[in-house]
């Protein structure tokens, strides 16, 4: 059995928004093949690795990825043919060196990530192992609590709330399968609640409902009603998580809540979150402050870090350097993990490991532009991260990840452990 790379082939395919993205196949001398499709975000952090787009307005409004495809089929393939796919760190280092830029702007983070993931999948296939076992070894056994985005706003919907995501977390379930069922039942109860109130039940990019609502906490009221109507207890069995994506509403040093006609300072934004946490069973807030509002983040952690999970997404962009700075500054206590923010599997695993060693949590996440690729489901189990964010229990691009986790839980059998209330290890006094 040889794990040496024999061929690398990239192509342009479509993501869940109908935009082009890159798919990569890596074929080994053993005949085993790994395939990966790279996701794409709508609200992207300024510090993310660069996603290479063509800029040719005559194709896909400039969003084509033929340059990234060419980079894989020519530069990367030439460099990696004959390379050992089982040596992931060396392979990723070779890709990073081949690019030679701080943000992967020469070859594109999408090109590099596609090859990085496809190589790992090919090596796993060669060893006859599922990806989670290949990456995580014998200790990979924790099934994550899903953060289910059941109401969308911000960049993921139009004419909705200022804030981007309103999620539920079934922490009280005994298994992933049960938690997923609870979430799906609440999702359907929410649809009826929204419909009965006379609002639209259209959905956003990630499958959550996106009605036009008068205030930013109106979705929380609807979600609370839906949880109870589905027969569950908010604040006991089900908690709420938020991703307001506040970088999108941050301008000239202030936070502009257009839905409410208010402009807030960093300190006032922190007080806004403190008030919401006191009124609703919120367990996690992601990007509660803008990506470069470091003082605001420190204040937020000092006010709420002992009670809830404070997740950095645009703030940290899966970047070890920014994560290390945030740990030292006591800003946030959790990192969102998005493979394409940093652009390689090795760098992603390094960020997760640093977070876990530092007493932080790591939440493995999709992007709003997704596909049938289920890599993140295996990744979250491989790293025992305990939390996954992959949308509503709707749309095949989201459901694919949930279904893969159901398969993994079944395969693990009695060894499978649902993270449940133990997922929030960064909070001094967890649930």
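Using the three backbone atoms N, Cα and C, a Cβ is placed for every residue, glycine included.
Here is what Swiss-Prot records for this protein:
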type	residues	note
BINDING	164, 338, 367, 368, 389	(2R)-2-phosphoglycerate binding site
ACT_SITE	206	active site, proton donor
BINDING	243, 286, 313	Mg(2+) binding site
ACT_SITE	338	active site, proton acceptor
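Features per Swiss-Prot, on structure.
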residue : record                               : Cβ contacts under 8 Å, 6 or more apart
243     : Mg(2+) binding site                  : 149, 163, 164, 165, 167, 285, 286, 287, 311, 313
338     : (2R)-2-phosphoglycerate binding site : 39, 41, 313, 317, 318, 365, 366, 367
389     : (2R)-2-phosphoglycerate binding site : 146, 147, 149, 167, 336, 363, 364, 365, 366
(Q) Under a three-state reading of DSSP, tell me whether residue 389 ((2R)-2-phosphoglycerate binding site) is helix, strand or coil. (A) strand
Q.
With DSSP assignments reduced to helix, strand and coil, which class does residue 243 (Mg(2+) binding site) get?
A. strand
Q.
These are the binding-site residues: 164, 368. Which one scores highest on other Cβ atoms within 10 Å?
A. 164
Q | Cβ-based neighbourhood (8 Å from the centroid) of the Mg(2+) site, residues 243, 286, 313 excluded | A | 164, 165, 242, 244, 245, 285, 287, 311, 312, 314, 336, 389
Q) Once the chains shown are all counted, how many other Cβ atoms turn up within 10 Å of the Cβ of residue 286 (Mg(2+) binding site)? A) 28
Q: Find, for the listed recorded positions 206, 313, 367, the residue with the lowest Cβ contact count at a 10 Å cut-off, counting only other Cβ atoms.
A: 367
**Q.** Span of the (2R)-2-phosphoglycerate site, taken as the largest CA to CA distance across 164, 338, 367, 368, 389 (Å, rounded to a whole number)
**A.** 17
Q. Hey, how far is residue 206 (active site, proton donor) from residue 368 ((2R)-2-phosphoglycerate binding site), Cα to Cα, in Å?
A. 6
